[in-house]
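Engineer: One structure follows; several queries about it will come next.
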Amino acid sequence: MKHILSITDFSRDELLQIIEKARDIKSSPITYCDAARGSIIATLFFEPSTRTRLSFESAALRLGANVLGFADAKTTSTKKGETLEDTIKIVNGYADYIVMRHFETGAAARAAAVSHVPIVNAGDGSGEHPTQALLDIFTIAEKIPLNNLIIAFVGDLKYGRTAHSLSQGLAHFNPKFYFISPSSLRMPEEILTKLKNQGISCQELETWDEIARGVQVLYMTRVQEERFQDKAEYARLKNAYVLNKATAALFKDDCLFMHPLPRVGEINPEIDNDQRAIYFKQAHNGVWVRMALFLALDGERRGLI
Ligand code: CP
């Protein structure tokens with residue numbers, strides 16, 4: 001039984017196996033329509049989501065599994081004061097897997113500590129979002145080789161869990177990272193240190209002008225209003241980086257424009273038809289990657305792996 005709490009739970013080979021399986025599923029999803037029949041997947045979302053919850057549910061349904069859960073914890077006994085641990089112990093009796101999102105960093109690890117069924121972290125506060133990283137890596141690999149990638153992460157790198165997970169996932173492939181953020185929203189020191197200890201080239205900047213021509217992937221992120229105590233500070237920083245026709249011209253013709261979404265102004269919709277913009281395809285890839293992940297977990301549960 002394996003919990004998926006961090007992208008660092010995956011070896012390089014395991015990442016590549018998931019990508020390969022997701023590629024196969026994407027080319028012929030109907031082949032897998034019964035692959036997890038009889039399994040029950042719970043989606044417990046204590047924090048809002050569109051893409052992650054719905055693509056997990058779509059993935060489960062496409063595999064023939066059943067889904068139960070909630071999208072709003074206010075409708076559950078959490079509202080009456082039930083602890084996360086008790087909720088998880090209860091759902092252990094109702095489902096074979098628990099996919100959970102929570103506003104608290106470390107909540108998925110807390111859940112895993114009391115769970116007998118696999119916990120899949122679908123985002124824990126400003127911690128990690130490992131399955132987003134899987135779909136991001138899959139999306140990149142569809143377009144360009146993963147090895148020796150040059151990627152710029154831009155925006156809220158302090159609270160942005162997708163950047164935390166993707167950077168650590170890509171670390172298996174000898175990347176060069178540019179971390180572009182306001183000084184108050186820098187990549188956490190702990191992650192920077194881990195990356196540097198692995199010999200990864202990391203450069204922190206406050207503007208993208210000088211590196212734009214050299215990057216293969218521009219990974220935009222949203223400034224996370226919900227994590228700010230000081231709303232005036234959020235207002236000051238929210239438009240620090242905006243990709244629009246003028247700024248997009250700084251980047252190469254074959255640069256990939258990515259974003260985990262939702263966006264709230266940092267990518268102008270005028271970019272959506274730019275051939276470099278792949279963020280909607282990126283979101284759609286979540287289904288194939290999450291199907292591949294369920295298959296890996298389900299195979300393990302059924303003793304097939
Ligand atoms: N990318 C992502 O996690 O989106 P949602 O918050 O809509 O799930």
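From the backbone N, Cα and C atoms, a Cβ is placed for every residue, glycine too.
Among the features that TrEMBL reports, domain 'Aspartate/ornithine carbamoyltransferase carbamoyl-P binding' is placed at 2-142. The annotation carbamoyl phosphate binding site is assigned in TrEMBL to ARG51, THR52, ARG101, HIS129, GLN132, LEU261, PRO262. Annotated L-aspartate binding site per TrEMBL: LYS80, ARG161, ARG222, in sequence order. Residues annotated as domain 'Aspartate/ornithine carbamoyltransferase Asp/Orn-binding' in TrEMBL: 148-296.
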Engineer: Can you see whether DSSP assigns PRO262 (carbamoyl phosphate binding site) to helix, strand or coil?
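Structural biologist: Going by the DSSP assignment, PRO262 (carbamoyl phosphate binding site) belongs to neither helix nor strand, so it counts as coil.
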Engineer: If the criterion is a C-beta within less than 6 angstroms of any ligand 1 atom, which of the binding-site residues THR52, ARG101, ARG161 pass it? List them in sequence order.
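Structural biologist: Correct list: THR52.
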Engineer: Using the recorded carbamoyl phosphate site (ARG51, THR52, ARG101, HIS129, GLN132, LEU261, PRO262) as reference, state which further residues of the same chain have their Cβ within 8 Å of the centre of those residues' Cβ atoms, listed in sequence order.
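Structural biologist: Apart from the listed residues, the neighbours are SER49, THR50, ALA122, GLY123, THR162, PRO260, GLY286.
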Engineer: Please report the number of other Cβ atoms within 10 Å of the Cβ of LEU261 (carbamoyl phosphate binding site).
Structural biologist: 18
Engineer: So for LYS80 (L-aspartate binding site), how many other CB atoms are inside 10 Å of its CB?
Structural biologist: 6
Engineer: Per residue, counting other C-beta atoms within 10 angstroms of the C-beta, which of the binding-site residues THR52, GLN132 reaches the highest number?
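Structural biologist: Result of the Cβ crowding comparison: GLN132.
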Engineer: Whole-number answer please: how many Å between the C-alpha atoms of ARG51 (carbamoyl phosphate binding site) and ARG222 (L-aspartate binding site)?
Structural biologist: 15
Engineer: Within a 10 Å radius of its Cβ, which of these binding-site residues (ARG51, ARG222) has the fewest neighbouring Cβ atoms?
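Structural biologist: Result for the binding-site residues ARG51, ARG222: minimum number of other Cβ atoms within 10 Å at ARG51.
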